[in-house]
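Working notes, structure below.
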Amino acid sequence: MAAPLTLLLIVAVTIRAVLFRSSLAELISERVEVVSPLNAWKRVVEGLALLDLGVSPYSGDVFHETPLMIYLFHFTVDYAEIVFMVSPYFVDCLSCLLASLDRAKIFRKQKYALESDRYPADCLELLRSPKEMFYIPLKVAMFYLLNPFTILSCVAKSTCGLNNAIIALFIFCTLKGSALLSGILLALATYQSIYPLTLFAPALLFFLQRLYIPVNLRRSSFWCFTLQYAFIYVGSLVVITGLSFFLLGSWDFIPSVYGFIFSVPDLTPNIGLFWYFFAEMFEHFRLFFICVFQINVFFYTIPLSIKLKEHPVFLIFMQIAIISIFKSYPTVGDVALYMAFLPAWSHLYRFLRNIFLVSCVLLACSALFPVLWHLWIYAGSANSNFYYAITLLFNFGQILLVSDYFYAYLRREHHLTHGLYLKKKDGTEATLVLK
Amino acid sequence: CQPHPGSFQEELVIRPLHSGDIYASFQFRTLWDTDFLQEGQKKVSHYRLFPKSLGQVLSKFSVQELHISFTQGFWRTMQWGQPFIPSPPGAELWVWFHDTVSDVDGNWKELTNVLSGIFCASLNFIDMTNTVQPSASFKPLGLGNATDHRFLRYATLPREIVCTENLTPWKKLLPCGSKAGLAVLMKSEKLFHSSFHSQAVHIRPICQQCTSKAWELRQTLNVVFDHYTSGQGKKEWSLFKMFSRTLTEACPLASSSKVYVDITDNPELFELSPATPLLSQAVVLGDRRTYSVYDLTRAETFGQLRSFNLLLRWKGDSGDMLRPLLHAERYVAGFGLQTGEIHTVIYNNHPYRAFPVLLMDSVPWYLQLYIHTLTVTSKSRDNKPSYIHYQPAKDRHRPHLLEMLIQLPPHSMTEVTVQFERALLKWTEYTPDPNHGFYVGSSVVSALVPSMVAMSTNFTQDQPLFSSFVPVKEESSYFVRVYTEPLLVNLPTPDFSMPYNVICLTCTVVAVGYGSFYNLLTRTFQVDEPSPPLAKRLANFIRRIRGVPLLA
């Protein structure tokens, strides 16, 4: 395992180093699919230049990073390339480790279930064997490091890579079982961009499952732990926000960062659904639709948590995917994060219904994005509708991918409890539908 | 009622330019010893020479200085030299408010609306998105120790068009109107048939022999007649040809009414008739010029026919013009609708002296400037500005303001470049013709240029108006303000016919996500038992009634 992993790391470093030194680096850091107003490197440099001129970086509308980022880059701006090279490896090693942790957990669970005869006889082939799961951490590492989206995001020096690193670290600490670190890192991730707030529920469910506390609203042990975890989380968030206030001496960063994320004033095109929608919105309905779209990100948390309360790891994957699709300024770096976890569910392959269609759609859209952008902005022969159409298709493909994996997961769970080869009342082979 | 003494002077300067064009500059000055702003005194109500509309504006909004100009065309410095009073294309308004004003922004908003009514111009488009507060470029031209730039407001509308509608109310502000004096020459069909037309109003408090404070109102009108379109090919100019009128009398209310013709390059260049013995010398814009003076208050000027028509007949070819010492250009570089670069090029044509210039740029918010890409190069070497004042824009609230003090090396070209990104606006924020582009106002380059000729610092009553506009503080330099071209920048546009379609399509995609998740969350997997066909169901129903065993 160590040798292939090392080889993988070397290949990935080489690719990134080559791209960093080539002329493509400039080109990639300008692409709207890879950077957004929230995490562009150009804006970080602009914010630091404003600070040097004696003007607050938040006085204009060009800089939307948090004060801790300013602090970090103030010292490392000359080594920025190294920082951005290191962070994907960070994410990657963590994903690797957490895939192996997950694997250990799954084996344990399966062992207990087998011993207690909970599985019907014919679904033994659904169980995951150590042999097939041996290479999953390597596959996860490969999926993240060699994913063109990640490479583009890294070469563009988008701070999305750092955000992904924090989320990966948070998942790692959660799976390791350390509630304190997990709460602190979740607070840090929420501080960076608000959407990881929805990851509170899956983390909580994971810890409850780990500590064998049943999720029963009437039990005091449930509330005890929930309040503890919430206290750690909210406390760290308050501390981090207070630290940011003292760093720059004003609360300017709150409307500049969080107000910006929620109210979407900047309509720069990206791969998300917000920009064209709000460019063409009637002024009267703008506030209403902002609220609808933002609530859309957060409101799947409770229903998903109820459905998947015994499977918090899959719930984390679902939440990250929903955030990446429906957030206000998505980039391909966000897409790369949840795609990295797909190999962990490679056993669901037999139940996926649309995987061929989805992969074709995503590949075609990724290829068409730069083409239609060029036609609109540079050639002038297409207009914004073309780029918008590809955005719609890309998001549709992602939604289809996520819901397909969800379907496959639920179906496998159903088979594990009811048996793999189901028969109708008259003995013929049955089809399974959602009713 | 107490009579307030005031005086009115009018003059016309005609300067033949080296390219064959004619530059005519009218100036009308009204001086009035009164104080609009003093509290406690009874409100000024008796207006004689000073226009009442402007007086009321000054007292209501506590205005210390007001400068407004409307310009059609762009002043070509390299071909025409420096103008007496520079102005940028479109409309420009800058105002110093008195330091007793508490709400400057409110006063500014009301002032722009009132001026928009007085001058029949769309100055109501001036709002906080195109107003800036320059910190160093626009110091008061009259009295006043005002150094707090919180009381200064500057705005420019590069898209504003000047026409007869703006000239008529401007003429009405003159004491004699357009009925007597030099103002009879201002016929709009000839004035607007020119390469450059600029009319301005400048109000400021001045020091009247430094015994008392007086208000000075200057109305200036600069026009450049094009040799080829107006001269019909013949190099011969007359007042009648330029203005389609001749002068018959001076304004009776004027204490002085003169016509100056620049004859410094004579007699080789042109022949002037009627001849006049009066000559005057003045140092203006760092150059000593000689003028023939025609005094319209004297009856002899009008001759037998009681009409004064100046005739200039060109004799030789124009020689070399004195190159203006300071010149600036601006253009947008780059391609595509995503990014671009603004290049401002400033030329210092002085052979051996270097001098600093103050460059002021006001860029609208939808062109996001990146100040870390600012480069200033002179003679292909980096030239770091000694003073940079940068106020970044806030989306939909205020524009960028960049002011820099740059030292220009002698006989050199300095290039200032800054990169910007173009924003996609909401569909309602585009003008009705969005593919025409968006205008970016002119940059302002202000400098004290070293003068080859000693400037006179004494202010006398007899000094011609064109040389006393800008106060001269020292002998060795004169103040010059150069405006660059305004820019026209294209922004990416959304499809304006699509709001309903976009809302439907995006909501459809969100609904697909919602629908799939809803299905997976609320439904469970069940074995699909097909329902029996209708005939069988009916048969079973009948059998149940009969009490007979049902079919399978």
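Using N, Cα and C of the backbone, Cβ positions are placed for all residues, glycine too.
Listed features, source TrEMBL:
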{"type": "SIGNAL", "residues": "A:1-25", "note": "signal peptide"}
{"type": "TRANSMEM", "residues": "A:166-188", "note": "transmembrane segment"}
{"type": "TRANSMEM", "residues": "A:194-213", "note": "transmembrane segment"}
{"type": "TRANSMEM", "residues": "A:225-251", "note": "transmembrane segment"}
{"type": "TRANSMEM", "residues": "A:257-278", "note": "transmembrane segment"}
{"type": "TRANSMEM", "residues": "A:285-302", "note": "transmembrane segment"}
{"type": "TRANSMEM", "residues": "A:314-342", "note": "transmembrane segment"}
{"type": "TRANSMEM", "residues": "A:354-379", "note": "transmembrane segment"}
{"type": "TRANSMEM", "residues": "A:385-407", "note": "transmembrane segment"}
Cβ contacts the transmembrane segment (A:285-302)/the transmembrane segment (A:225-251), at least three under 8 Å, sequence gap 6 or more: no
The transmembrane segment (A:314-342) versus listed stretches A:166-188, A:194-213, A:257-278, A:354-379, A:385-407: most Cβ pairs under 8 Å: A:257-278
Contact check, the transmembrane segment (A:225-251) vs the transmembrane segment (A:166-188), 3+ Cβ pairs under 8 Å, seq sep 6+: yes
Long-range Cβ neighbours of the transmembrane segment (A:194-213) (under 8 Å; 6 or more residues past either end): 167, 170, 174-175, 177, 179, 182, 186, 219, 221-222, 225-226, 229-230, 233, 258, 261-262, 297-298, 300-302, 305, 309-310, 312-313, 315-316, 319-320, 322-323, 327
